[in-house]
Amino acid sequence: MTRSYRITLLPGDGIGPEIMAVTVDILRAIGRQFDLNFEFEEALIGGSAIDATGEPLPEATLATCRNSDAVLLAAIGGYKWDSLPRSQRPETGLLGLRAGLGLFANLRPAAILPQLVDASSLKREVIEGVDLMVVRELTGGIYFGEPKGCFADEQGRQRAFNTMVYREDEIDRIGRVAFDIARKRGKRLCSVDKANVLEVSQLWRDRMTLLGSDYADVELSHLYVDNAAMQLVRWPKQFDTIVTGNLFGDILSDIAAMLTGSIGMLPSASLGAEGPGVFEPVHGSAPDIAGQDKANPLAQVLSAAMMLRYGLDEPEAAARIEAAVNQVLDQGYRTGDLYSEGMTLVGCKGMGDALLAALESPVSA
């Protein structure tokens, strides 16, 4: 029986339209194989939305996203809009989208593909076999805490302050997401905090420990954030799933991303309690190569795989896409960001064609 899904496409800026076009072709091919009907609707966000409407997130875009089963985003931003006030820049469209959809959990996988192990700056024996997931809380912590501000004190010196605050319900909901993901992966969850000096982190640790009693099959551990950062570089294979707050997750997820050696390969997902999630590559809009058929579409394609797995509960279709990505890398196809001597250099469209061929091949099944 055919299963139908409404997907909002947000190509955005820079290389976004190019990598989105490849990904839509892949999803259509997957739909034929797995009897899935995707109803795609494209909408504006970021710089392209500013140019067309004057706003980085038009109300029509948010309404379309809310009416969908999942949102696939490509890239936002570019030099063209850097002179705008911060509150009007393209990136605020993404913040508004997350808030408008109630997204609070950011999933950032970092898996070392065997074909690209030498792209990492770490030694092969350290990095080989790494497959971890960082679950970051998105809507609380020091980025959103009140009060905050900047003022001149009695001596005329400028002072600035922010507030790091979490409620127990905010901690519990991100904790349950992380425990559920860990249960489906390696059944190991490391909670990262700074409970030795921060009261907010002590509450975080207490709530995670309490939640752990509901997940007896998941091994829970705790690390202070400074030690966690060190351990990610020293021996990343010790981690399976990491859960942490907004600030710490912002830092640790970027460390984890660079373990792989290429940010052009990394997908991400942002999820809420209900409604559609947003699935997007970690990389930016790369305006310097936009329109030149040089972009690497693999992170966008893998974001579509995450959409299938975490947004639409279609894990077999997701695995098929991931197998196709592995197959084209095995065959030596590389875009410019991954190219090395002896490989076959292809552009964005060429990589898409190779992926489509792999999907039709029984080798990737």
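All positions are counted from 1 along the displayed chain.
Placed from the backbone N, Cα and C atoms, the Cβ positions cover glycine too.
These features come from Swiss-Prot:
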BINDING   78-91, 284-296  NAD(+) binding site
BINDING   Arg98, Arg108, Arg136, Asp226  substrate binding site
SITE      Tyr143  site 'Important for catalysis'
SITE      Lys194  site 'Important for catalysis'
BINDING   Asp226, Asp250, Asp254  Mg(2+) binding site
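Where Swiss-Prot records a feature, it is marked here on the structure.
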| residue | record | DSSP class |
| --- | --- | --- |
| Gly78 | NAD(+) binding site | coil |
| Arg86 | NAD(+) binding site | helix |
| Arg108 | substrate binding site | strand |
| Arg136 | substrate binding site | strand |
| Tyr143 | site 'Important for catalysis' | helix |
| Lys194 | site 'Important for catalysis' | coil |
| Asp254 | Mg(2+) binding site | helix |
| Ala286 | NAD(+) binding site | coil |
| Lys294 | NAD(+) binding site | coil |
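The record assigns Arg98, Arg108, Arg136, Asp226 to the substrate site; their largest pairwise CA distance measures 28 Å. Listed recorded positions near Asp254 (Mg(2+) binding site): Arg108 (candidates Gly78, Arg86, Pro90, Arg108, Tyr143; Cα-Cα distance within 10 Å). When the recorded positions Arg86, Arg98, Arg136, Lys194, Lys294 are compared by the number of other C-beta atoms lying within 10 angstroms of their own C-beta, Arg86 comes out lowest. Sorted by the number of other CB atoms within 10 A, the binding-site residues Asp82, Asp226, Asp250, Asp254 start with Asp82, the lowest.
Listed binding-site residues near Lys194 (site 'Important for catalysis'): Asp226 (candidates Asp82, Arg86, Arg98, Asp226; Cα-Cα distance within 10 Å).
Annotated pair Gly78 (NAD(+) binding site) and Asp250 (Mg(2+) binding site), C-alpha to C-alpha distance, rounded: 21 Å. Cβ crowding, taken as the number of other Cβ atoms within 10 Å, peaks at Pro90 among the binding-site residues Gly78, Pro90.
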